[in-house]
Amino acid sequence: MILLKLYLTLAAILCQSRGMTSLDLDDLMTTNPEIQNEIINKHNDLRRTVDPPAKNMLKMSWDNIIAESAKRAALRCNYKEHTSIAERTIGGVVCGENHFMSSNPRTWSSSIQSWFDERNSFMFGFGPTIPGVMVGHYTQVVWYKSYKVGCAINLCPAQSLKYFQVCQYCPGGNVAGRKYEPYTIGEPCAACPKDCDNGLCTNPCAYNDDYTSCPDLTKQVGCNHPVTANCKASCQCTTEIQ
């Protein structure tokens, strides 16, 4: 009888525990400020832990306009393709995009951690250590220049993986030419000693260069030359992270 009572007590505790930890779509909606904070804090916590360390890693913040764009992407229920560049260009800035699909709802922290865990198959400056393995979600999560993020979730009942989570990052990462160097190696905040929050830089550049050659161009001909008219970041941001 004692064993039976003990068993029933344990079963009740387990059921309550499962009930408390179960999730539904409403629990993950990113219109909830608590969910927004969870997403931002998770990203920033992970960005602080990159190995090798980053000297120029920007601190991320939530952006509602980007979240609306991510929502439109999630509503498409298209797991296989990112939204077009035109659709994820916000305020003239091309944003990056990560997808996570699951058969059961997962916390945002869990999904973001899954993206970050691609680092286990990634070597800085080299890329995937296993041919064909995915590492682009990781490099986007830790792309130094991406400092605004917005995310959304949608239920896609026609799919076996029916929970579809999307995050968009601005400016986008995985830039050609340095895709496998998502940041500059160095002592945390070495590039922003006066604008640092626990290892993350807080001085993003509000402008963008239209050409990857802009830093060299501005050094050669200066910022008053017509050829550097589209090099606003290199010309306007002398102390900010760009």
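Positions of Cβ are set from backbone N, Cα and C atoms, glycine also.
In the three-state DSSP reading, Cys156 (disulfide bond) counts as coil. Its own atom aside, the Cβ of Cys156 (disulfide bond) has 17 Cβ atoms within 10 angstroms in the protein chains shown. The disulfide bond annotation in Swiss-Prot covers Cys77-Cys156 (among others).
What Swiss-Prot records for Cys95-Cys170 (among others) is disulfide bond, and it gives sequence analysis as the kind of evidence. Sequence-distant contacts (6 or more apart, same chain, Cβ under 8 Å) of Cys170 (disulfide bond) comprise Asp63, Ile66, Ile90, Gly91, Val93, Val94, Cys95, Gly96, Ser146, Tyr147, Lys148, Val149.
What Swiss-Prot lists as disulfide bond is Cys151-Cys167 (among others), and the listing cites sequence analysis. The Cβ of Cys151 (disulfide bond) has Thr30, Ile39, Ala67, Ala70, Trp108, Gln165, Val166, Cys167, Gln168 as same-chain neighbours under 8 Å, each 6 or more residues away in sequence.
Secondary structure at Cys189 (disulfide bond), taken from DSSP and collapsed to helix, strand or coil, is coil. Long-range Cβ neighbours of Cys189 (disulfide bond) (same chain, at least 6 residues apart, Cβ-Cβ under 8 Å): Lys55, Asp195, Cys196, Gly199, Leu200, Cys201. According to Swiss-Prot, the disulfide bond annotation covers Cys189-Cys196 (among others), on the basis of sequence analysis.
According to Swiss-Prot, the feature disulfide bond maps to Cys192-Cys201 (among others), an assignment based on sequence analysis.
Long-range neighbours of Cys237 (disulfide bond) (same chain, six or more residues apart, CB within less than 8 Å of its CB): Cys205, Ala206, Tyr207. Positions annotated as disulfide bond by Swiss-Prot, on the basis of sequence analysis: Cys205-Cys237 (among others).
What Swiss-Prot lists as disulfide bond is Cys214-Cys231 (among others). Neighbour count (other Cβ atoms within 10 Å of the Cβ, all protein chains): 23 for Cys231 (disulfide bond).
Cys223 (disulfide bond): 14 other CB atoms within 10 A of its CB, across all protein chains. Residues or ranges marked as disulfide bond in Swiss-Prot: Cys223-Cys235 (among others).
What Swiss-Prot records for 41-169 is domain 'SCP'.
According to DSSP, the secondary structure content of the domain 'ShKT' (205-237) in residues is 16 helix, 2 strand, 15 coil. Here Swiss-Prot flags 205-237 as domain 'ShKT'.
The signal peptide annotation in Swiss-Prot covers 1-19 and rests on sequence analysis.
Cβ neighbour counts within 10 Å, taken over all protein chains shown, single out Cys167 as the most crowded of the disulfide-bonded residues Cys167, Cys192, Cys205, Cys235. Beyond the domain 'ShKT' (205-237), the same-chain residues lying 6 or more positions past its ends with a Cβ under 8 Å from any Cβ of the stretch are 92-93, 171, 175, 177. Spacing of Cys235 (disulfide bond) relative to Cys214 (disulfide bond) is 9 Å (Cα to Cα, whole number). Across the residues of the domain 'SCP' (41-169), the predicted structure has a mean pLDDT of 96. Of all the disulfide-bonded residues listed here (Cys77, Cys201, Cys214), it is Cys77 whose C-beta has the fewest other C-beta atoms within 10 angstroms.
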